[in-house]
Amino acid sequence: MAEKKIAFSVLIIGLDGSGKTTMIRQHANLKSEVFPTAGFEIQYLNCSGINAPVLVYDCSGIGRARDNWRTFYDACDGIIFVIDSTDTQRLSVLKKVIKDLLTDRSIKDKKPILFAFNKQDEEDIMEKEDFVQELEINNFKRTQKNPISTKGITGKTGDGVLDCFQWIRDNKGSKHS
């Protein structure tokens with residue numbers, strides 16, 4: 001059987017409840033009810049302006065399931081880390097998870113990473129800039145060679161989601177100085 005031609009592959013990770021699966025399903029126009037991901041799901045997404053499907057690894061963000069993310073680090077061309085902009089209660093957990101990700105040998109200086117601040121349509125959110133400061137993302141941007149960026153999105157409407165995939169496409173295989 002012939003292998004399906006893809007444009008690139010993306011690992012989508014983040015804490016549980018951040019909206020990873022909702023973002024993917026909205027972009028794919030899948031309207032069924034979303035349940036917490038158990039383990040991982042693989043999807044092929046068609047994205048405007050990208051000439052072949054994007055292979056997406058959607059991984060669970062529940063506690064111990066995060067250890068499985070490493071399985072996909074070498075297989076993906078880039079990472080979209082989805083953050084629930086309303087979840088300020090787990091900032092310390094989020095900070096540790098991000099630090100572990102950005103200091104992992106398979107990621108550091110190698111893979112483009114976009115932090116997608118989801119649920120921008122909600123009223124009670126922490127501003128993206130405040131999250132960036134609290135999570136020390138700019139420190140990593142200054143000290144790592146891999147491209148790192150941030151984007152505000154609304155996964156349930158799809159607002160900003162295509163931009164995330166296009167940014168990965170434009171930055172895969174590149175390094176900044």
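Every residue, even glycine, has its Cβ placed from backbone N, Cα and C.
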GTP binding, same site as GLY14, LEU15, ASP16, GLY17, SER18, GLY19, LYS20, THR21, ASN118, LYS119, GLN120, ASP121 - TrEMBL member from GLY61, GLY63, GLY78: GLY61
Binding-site residues: GLY14, GLY61 - member with fewest neighbouring CB atoms within 10 Å: GLY61
Residues GLY14, LEU15, ASP16, GLY17, SER18, GLY19, LYS20, THR21, GLY61, ASN118, LYS119, GLN120, ASP121 binding GTP per the record - widest CA separation, whole Å: 22
Secondary-structure category, per DSSP, in which GLY61 (GTP binding site) falls: coil
